[in-house]
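Reviewing the structure listed below.
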Amino acid sequence: MRLKELGEFGLIDLIKKTLESKVIGDDTAPVEYCSKKLLLTTDVLNEGVHFLRSYIPEAVGWKAISVNVSDVIANGGLPKWALISLNLPEDLEVSYVERFYIGVKRACEFYKCEVVGGNISKSEKIGISVFLVGETERFVGRDGARLGDSVFVSGTLGDSRAGLELLLMEKEEYEPFELALIQRHLRPTARIDYVKHIQKYANASMDISDGLVADANHLAQRSGVKIEILSEKLPLSNELKMYCEKYGKNPIEYALFGGEDYQLLFTHPKERWNPFLDMTEIGRVEEGEGVFVDGKKVEPKGWKHF
């Protein structure tokens, strides 16, 4: 069997089975050490898969930190220390690496964390691996959704996918709303403003990186429940609506299946809604399995590596 036949999540299940691990399966790995609750996570960004060399190096550096911080936040933690390993072509301009680390530095200053080391190796294409350590008072994973919980998301959904499509068009000139969408793809901001809310109230939580339906399916499987989503409640930005109107697209499809938004998906009782956060109730946790949109079961078709 080839990896493309097994699939990304089939491979993860195989690794869990081989290692006999009870920890693997959340956005981070929770570890208790010297009375501290640590959250460990790692993400890889590869040239040609996650970004192109033509992208602004500072944005790539920002994103490399942000996608890891998003995992820590999703589990109710704050980022503390990072290690960065780089695979670099020998003909790469030194200025590219310098600008990459300027982006890293800006992200670390914003999220109040610190790069404490890393590694460098030669390769054909750029590869970036970030290992991040966070701390929390209460770990919130994917397996705690309760029957009757409301399902919430932060921010708006689908913007990153539209931004990527615009980038790939390689237009000579973009409209302001198009530039805003491109910015949301190149420079996502992890929702650090949600940490206290997730830590205090959420029963289950994860970030949205593979697409809403795909990630809701992960949460539903881990919690042993069904998630019902109402499409009319999905939060859509004005920029996404303008993009879809201009290019004849359906914004609901982008919200449901677009990846790399790095917003949060979480569940808790309806009455714990916080009016001071940009959270939207999009559905409910019910008895059953899988993800349903407007009463119809939907199979996940978000981002997959294999």
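Our numbering is plain: 1 for the first residue shown, then up by one each step along the chain.
Quick reminder: no glycine exception, Cβ is built from N, Cα and C everywhere.
Per Swiss-Prot, the candidate among Asp71, Asp91 that belongs to the Mg(2+) 4 site alongside Asp27, Thr41 is Asp71. For the binding-site residues Thr42, Asp43, His50, Glu260, a Cα to Cα distance of within 10 angstroms from Ser209 (ATP binding site) holds for Glu260. Distance noted between the C-alpha atoms of Asp71 (Mg(2+) 4 binding site) and Asp207 (Mg(2+) 3 binding site) is 6 Å.
Of all Cβ atoms in the shown protein chains, 24 besides its own fall within 10 Å of the Cβ of Asp207 (Mg(2+) 3 binding site). Across the binding-site residues listed here (Thr42, Asn119, Ser209), the residue whose Cβ sits among the most other Cβ atoms within 10 Å is Ser209.
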